[in-house]
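Per Swiss-Prot, the feature domain 'Radical SAM core' maps to 99-339. The [4Fe-4S] cluster binding site feature in Swiss-Prot is assigned to Cys113, Cys117, Cys120. The S-adenosyl-L-methionine binding site annotation in Swiss-Prot covers Gly170, Glu171, Ser202, Ser224, Leu225, His226, Asn301, and the record cites sequence analysis as its basis. Annotation comment: Swiss-Prot describes Cys344 as active site, S-methylcysteine intermediate.
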Amino acid sequence: MNNLVNLLDLDADALTAYCGELGEKPFRARQLQRWIHQFGASHFDAMTDLAKSLREKLATRAEIRSPAAISDHTSSDGTRKWLLDVGAGNAVETVYIPEDTRGTLCVSSQAGCAVNCRFCSTGKQGFSRNLSTGEIIGQLWMAEFAMRAQLGRGPKDERVISNVVMMGMGEPLLNYDAVVPAMRLMLDDNAYGLSRRRVTLSTSGVVPMMDRLSKDLPVALAVSLHASNDALRDVLVPLNRKYPLAELMAACRRYLEFAPRDFITFEYCMLDGVNDGVEHARELLKLVADVPCKFNLIPFNPFPESGLKRSNNEQIRRFAQVLMDAGIVTTIRKTRGDDIDAACGQLAGEVMDRTRLAERGKFGKITPLVPVADAGAPREARPA
């Protein structure tokens, strides 16, 4: 049995405490952290400014281990996707998205997902387990140095990865105790040194944990909205049955008191004939009237057995125009990496279905998609 401590699991405070257990002073923790997260060291003998006695001690008690890559694919548009082995037959995906002015890494927080959004292929895989802090920050550690080896650093010695979005597989706020320490490392000047504005957590709306995050580590927030009323969202995002839209909007307003940005980003997957009507856009205007926000419209990426279709471009433009005419900043996400199944909603792990009905049951049973004509029915009038 491996009893070595994985130092990727430790944020600054935990690493300082660990060094204390070894009889070392706090500055050793900062040295270790820089070697690991800024220089990509994976072996202690490379850490030449540490005392030889400490290096020998660490070699017998600790390790630096990120998930191993099963596959590594690069899209025609430069998007790069890694499939990572997290043990017991589970795999997660990490995606690097290059842009002219930044490089964004999409990080997974769970193996599978229990929320089971209707339009997301990851949810169809089911839920296996939460990732550890080391498995989460290990994705950034692995990707940063893989991309640096490929591209080098920028002309001003800037990092290849300038932004991180917790938008990969899983619901981050259902793995709070591992996600927050990982994000602390993303922000730490002795690690990755990202600003809170450059780290975005995307949630389907776990209201109590949104409130907790606002106090503990208020990074930029994106909310997977995808519907303009409770009847429709109950079906598209089953978590809505536990935390309906009124509660979610109130949580968004509370979060903005602490957020590094003065708006919430609402993500909205455009589904043909389901949630893409002009009437839905107008309903959204009423819903978010007192929530400073921007909208990111996401063309649906089809996958087998979804039973859904992508809205056509003209319908997406009409929908966006309603929002923009009301003064809401609205973007239409450019589909990236779809030729390697790295586009939004396609992160399914390329592994066998690991459906966990008990986990999904926490958010209510899955019902057939509500027809558009019925989507605005009062909650008490809808089918159970």
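Using N, Cα and C of the backbone, Cβ positions are placed for all residues, glycine too.
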- Query: What's the CA to CA span in angstrom from Ser202 (S-adenosyl-L-methionine binding site) over to Cys113 ([4Fe-4S] cluster binding site)?
  - Reply: 13
- If you draw a 10 Å sphere on the Cβ of Cys113 ([4Fe-4S] cluster binding site), how many other Cβ atoms land inside? 30
- Of the binding-site residues listed as Cys113, Cys117, Cys120, the one whose CA lies nearest the CA of Leu225 (S-adenosyl-L-methionine binding site): Cys117
- Query: Counting only residues 6+ apart in the same chain, whose Cβ is under 8 Å from the Cβ of Gly170 (S-adenosyl-L-methionine binding site)?
  - Reply: Val92, Ser108, Ser109, Gln110, Ala111, Gly112, Cys113, Thr122, Asn130, Leu131
- Model confidence for the domain 'Radical SAM core' (99-339), as mean pLDDT, reads 95
- What count of other C-beta atoms do you get within 10 angstroms of the C-beta of Leu225 (S-adenosyl-L-methionine binding site), across all chains shown? 29
- Query: Across the listed S-adenosyl-L-methionine-binding residues, Gly170, Glu171, Ser202, Ser224, Leu225, His226, Asn301, what is the farthest Cα to Cα distance, given in whole Å?
  - Reply: 19
- Query: Given Asn301 (S-adenosyl-L-methionine binding site) and Cys117 ([4Fe-4S] cluster binding site), what distance in Å do their CA atoms have, once rounded to a whole number?
  - Reply: 13
- Would you find the one among the binding-site residues Cys117, Cys120 whose Cβ has the most company, meaning other Cβ atoms within 10 Å? Cys120
- Row Ser224 (S-adenosyl-L-methionine binding site), column other C-beta within 10 angstroms, all chains, value 25
- CB contacts under 8 angstroms to Glu171 (S-adenosyl-L-methionine binding site), restricted to the same chain and 6+ apart in sequence, sorted by sequence, are Ser109, Gln110, Cys113, Ala114, Val115, Thr203, Ser204, Val206, Leu239
- Query: Cα-Cα separation of Cys120 ([4Fe-4S] cluster binding site) and Ser224 (S-adenosyl-L-methionine binding site), in Å?
  - Reply: 11
- Note on the structure: Around the Cβ of His226 (S-adenosyl-L-methionine binding site), other Cβ atoms within 10 Å, all chains included, total 24
